[in-house]
Amino acid sequence: MRQLLPGDTVWRNIRLATMDPQRQAPYGLVDSQALIVREGHICDIVPETQLPVSGDNIHDMQGRLVTPGLIDCHTHLVFAGNRAAEWEQRLNGASYQHISAQGGGINATVSATRACAEETLYLLARERMMRLASEGVTLLEIKSGYGLELATEEKLLRVAAKLAAENAIDISPTLLAAHATPAEYRDDPDGYITLVCETMIPQLWQKGLFDAVDLFCESVGFNVAQSERVLQTAKALGIPVKGHVEQLSLLGGAQLVSRYQGLSADHIEYLDEAGVAAMRDGGTVGVLLPGAFYFLRETQRPPVELLRRYQVPVAVASDFNPGTSPFCSLHLAMNMACVQFGLTPEEAWSGVTRHAARALGRQATHGQIRAGYRADFVVWDAEQPVEIVYEPGRNPLYQRVYRGQIS
């Protein structure tokens, strides 16, 4: 009989989808197991026959499914306003250029976010965060990028820090100052990149407000030379990098980010084989964002088969934002990744657990159920992991455990 220490907590009588690749079964499944949690971490996984049937801090899950906590590794959670009106305009035939000329597009969100009080932004973002938590998310990336000026970018990152301080969910904050050229720099995008590189990145990094630097390398964003300036600045300061790349065209952004050992290359609909090879060589995760693909009614799909062939880890994320992916649901993103991009359900699960953890640099502590990892996991009223992917409108979450505590 396994001896428990005072303070240990046990979840017994569970069907465990560990997502541990060292286990041979699909999803790393093992039956009739018990989890021992100690000081917020997984202490051990043992057959339930080795434990007492009942006792203090022993939870009988009656055969329910347990998975790692979900990880949403790409969101734009902090913003004000919405873009429903311009979405309706687009569906009625208005072009993106026409909408932008009227002050719409990303600059509409920038204007609303700049004008919004920090406390209001916090309350808006908190509600969104709790929606994701209700689906079993325990680690969440939050990007800035709707300020495009020092003061507002800092405001957005302070909101992310305030959310993290609640200890309801882990937050990985990302500086995305190189998201778009603000209206005041419309005729001088290089000047704006200078502001990002010489002021925003060093000052906000010194304040400890973010974990990584992101950028938008695209025909409607920043070119390769401008993007490389951002990457060089970040790397000189020892900051991890990532990038929105190859979403609408092939510019070579994935190769660029991979040369700087980027954590991830995100979107990647137009990714080519050279880019896939570069990602493999750079250890860069490919992050699929099917919500934006769906909402923009795109037709160019990411090269999933090439990513498999080159064994590039593939993550899946919600990309929750007001303009191109207003879907605050990781379950829906998993379903879309399977239906639209051809992932298997097991690949989708890997994409919101261990591969998503790698995309945030947290692969040594998050995304799997194994000894030594954080005790972040979800108990589901389900028999198989595929059920969560198959029916995204139904949430079978029974219990969410964060840092070893039921939340």
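Cβ coordinates come from backbone N, Cα and C, glycine included.
The annotation Fe(3+) binding site is assigned in Swiss-Prot to His74, His76, His244, Asp319. Counting only same-chain residues six or more apart in sequence, the Cβ atoms lying under 8 angstroms from the Cβ of Asp319 (Fe(3+) binding site) belong to His74, Thr75, His76, Asp266, Leu289, Gly291, Ala292, Ser325, Phe327, Ala333.
Counting every protein chain shown, the Cβ of His76 (Fe(3+) binding site) has 24 other Cβ atoms within 10 Å. Look at Swiss-Prot and you will find His74, His76, His244, Asp319 tagged as Zn(2+) binding site, backed by sequence analysis.
The Cβ of His179 (4-imidazolone-5-propanoate binding site) lies under 8 Å from the Cβ of Ile106, Lys143, Ser144, Gly145, Tyr146, Leu148, Asp214, Leu215, Phe216, Gly221, each of these being in the same chain and 6 or more residues away along the sequence. Secondary structure at His179 (4-imidazolone-5-propanoate binding site), as computed by DSSP, is coil. What Swiss-Prot lists as 4-imidazolone-5-propanoate binding site is Arg83, Tyr146, His179, Gln247, Thr324, and the listing cites sequence analysis.
In the shown protein chains, 31 other C-beta atoms lie within 10 A of the C-beta of Tyr146 (4-imidazolone-5-propanoate binding site). Marked as N-formimidoyl-L-glutamate binding site by Swiss-Prot on the basis of sequence analysis: Tyr146, Asn321, Gly323.
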Length of the line joining the Cα atoms of Thr324 (4-imidazolone-5-propanoate binding site) and His244 (Fe(3+) binding site), in Å: 13
Cβ-centroid neighbours of Zn(2+) site His74, His76, His244, Asp319, 8 Å, sequence order: Thr75, Lys143, Asp266, His267, Leu289, Ala292, Ala317, Phe320, Asn321, Ser325
Chain-internal residues, separated by at least six, CB under 8 A from His244 (Fe(3+) binding site): Asp214, Leu215, Phe216, Cys217, Glu218, Gly221, Gly253, Asp266, His267
